[in-house]
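Visitor: Here it is, the structure, as structure tokens.
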Amino acid sequence: EICQFLQIATYSPRMYAQYVHLTSFRVLPLSITHNNSSTFDATTQLMLQTGSLSRYFPWSEWDRAPAFAVLLLATAALLWLSKQEHSKMCFAVFLGLSDAHEGHVKTLARLNASVSATTKRDVNNLQRLQTLYKLRARTDSFCIGLAGLSTLTVWLQFRAIWRSSAKHHRDLPTQAPGETYGALLLLITLVLLHQIHYRYCIKMEIMVLRNQIPSDSRYSLLTSPRLLFLPFLAELLLCGIFLPPLVHGRVYLDEERYSLPRATLAVVPACPSPLTMTTSKQSCDLQYSYPLEVMNMIVLVRLYWFARVIRNQLLKQLIKGNTTTVGSITLNGKEAPADSLWWSFRISFALQPSKVLLTLFVSLWATTTVAVSAFERPFPSKLDGEDHALWLTLVTMTGVGYGDAYPITLGGRVAVVLGAVIGGLAFISLMTSEFLDSVKGTKREHAVLSALDKMKWESALRLCAAKLIQAAWLQHQIVNSKCHSTKRRSQETVVRELLKAAHHFKRCRKRKPMQSASASHILQNNGLSSFYSREVENWMTSRWTETTTQIASLEQQMNTIESSLQVLL
């Protein structure tokens with residue numbers, strides 16, 4: 001590949017026996033001794049008359065200098081990392097420790113002589129766990145970067161292949177378009193697999209120090225328990241499957257779309273474009289082919305590494321330097337599985353919903369667009385470019401679906417269903433839940449509303465009680481009055497008012513104030529805490545008074561006994 005780039009950089013027409021115009025840079029036609037030039041097609045005759053553009057090398061612009069530059073920069077960066085990784089990793093880890101922790105370590109070192117051997121071992125294990133957790137977080141960040149770089153490399157490889165119209169010879173596989181990106185993908189995959197092995201070695205040592213696996217299985221991953229070996233094997237398979245370089249070919253697919261009715265007449269119905277009729281004239285099939293590099297679409301699976309970004313960021317907020325309790329953090333008397341990705345996603349979505357939603361949307365949008373544009377390339381349609389694929393993915397994720405463009409191939413349909421339909425439903429559901437939570441208000445707002453409603457209910461209850469007492473007192477005055485004629489006329493009215501007031505008081509008493517579960521729980525906790533504090537203070541005061549009184553009475557009795565003894569003596 002370097003030789004090809006050097007040939008392009010030092011290209012001269014005289015080296016290849018070509019006559020090029022000095023200003024137009026067109027290859028001038030050579031003298032052709034042919035009796036009948038009419039046998040040439042129109043394109044060849046036009047090229048013989050006006051010349052052709054000077055392009056000796058078959059590679060496209062997307063696969064020349066950019067590929068070499070990416071390969072050169074990646075190789076230099078990986079060589080530098082391989083030299084500096086092991087020598088500076090521990091130093092970089094300890095640079096991240098806080099000053100308070102360093103002072104604590106120095107204090108422990110000064111008290112080393114008075115500490116027992118068991119305590120020293122426990123302290124060393126805690127320090128080693130802290131270092132291992134920081135190493136695992138940095139390894140995860142490095143693997144996330146490699147996963148994103150491999151996905152970008154696959155996209156550039158597809159773009160170079162589809163934009164190149166040149167055909168390479170099978171005996172010269174290095175001239176195939178996209179070959180440089182294939183070599184770069186191989187290099188990235190090897191480094192990623194090495195980092196995965198290094199990460200699981202760190203995880204194995206962490207599990208040994210936390211007594212999750214036996215200590216005799218810390219020397220090899222092959223002899224480790226299934227709890228550790230099976231995830232390690234699964235990640236190796238997910239991140240290690242790809243098409244190696246220097247392997248080329250075509251993948252031919254034939255999809256049967258619908259069957260034709262058995263024609264009894266001489267006229268056979270035609271298949272609409274781009275479908276073709278089979279030789280048996282019984283069905284219309286969709287026939288197309290991909291370059292063999294389409295197998296590298298499985299590299300998109302490596303994007304699962306980005307889910308660990310959420311967990312690493314959450315652990316930094318939860319632990320805050322105390323990384324020894326990362327496995328199971330105790331919150332309100334319950335153990336929280338901090339190593340669980342699902343738990344980390346839920347907590348991160350509750351703390352920072354906008355950031356999680358934006359990351360999820362961009363990931364689904366970009367991944368689905370790349371997959372659809374790659375699978376729809378065999379046909380000249382709107383989706384063979386990234387712009388219309390972006391539009392289709394966005395419209396499908398929002399649930400609109402205008403129908404102006406749709407995938408034809410099976411791979412394109414699967415990508416749209418998984419990334420745009422299912423992913424869009426998940427994204428819209430999360431966004432709707434966050435919107436409804438923001439509309440409903442916080443727990444503190446619910447507590448305030450319930451408290452205000454309770455105050456309103458108590459005020460209405462006191463008002464109804466006052467009206468009931470007033471009606472009862474009025475009836476008592478009428479019963480004790482001396483005017484019997486007025487008494488008979490007013491007693492019925494007063495009884496009706498009394499019954500009406502009693503009915504209103506009964507309805508108001510039965511109506512409970514508005515209280516949500518969370519708000520009532522908050523009010524109950526606050527009320528109980530204040531009640532307990534008042535009761536404890538009252539109890540301590542009463543006990544102190546009682547104790548003082550008893551001590552005074554005992555002193556008085558002792559004085560009486562002493563005086564009696566003195567009288568007797």
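Just so it is clear, glycine is given a Cβ too, placed from its N, Cα and C backbone atoms.
Remember, TrEMBL labels are computer predictions, not curated facts.
Just lifted these from TrEMBL, have a look:
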| type | residues | note |
| --- | --- | --- |
| DOMAIN | 362-432 | domain 'Potassium channel' |
| TRANSMEM | 65-81 | transmembrane segment |
| TRANSMEM | 142-161 | transmembrane segment |
| TRANSMEM | 181-200 | transmembrane segment |
| TRANSMEM | 227-247 | transmembrane segment |
| TRANSMEM | 288-307 | transmembrane segment |
| TRANSMEM | 356-375 | transmembrane segment |
| TRANSMEM | 414-436 | transmembrane segment |
Visitor: Cβ pairs under 8 Å only, please: of the recorded stretches 142-161, 227-247, 356-375, which one is richest in them relative to the transmembrane segment (288-307)?
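Guide: Most contacts with the transmembrane segment (288-307): 142-161.
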Visitor: Quick test of the contact rule: Cβ under 8 Å, at least six residues beyond the ends. What residues does that give for the transmembrane segment (142-161)?
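Guide: For the transmembrane segment (142-161), the sequence-distant neighbours (Cβ-Cβ under 8 Å, at least 6 residues beyond its ends) are 60, 62-63, 66-67, 70, 74, 177-178, 181-182, 184-185, 188-189, 191-192, 195-196, 199, 239, 291, 293-294, 296-297, 299-300, 302-303, 305-306, 308-309, 367, 370, 374, 377.
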Visitor: Using DSSP, what is the helix/strand/coil residue split across the domain 'Potassium channel' (362-432)?
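Guide: Across the domain 'Potassium channel' (362-432), DSSP assigns the residues as follows: 52 helix, 0 strand, 19 coil.
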Visitor: For the domain 'Potassium channel' (362-432), report the average pLDDT of the model, please.
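Guide: For the domain 'Potassium channel' (362-432), the model's average pLDDT rounds to 80.
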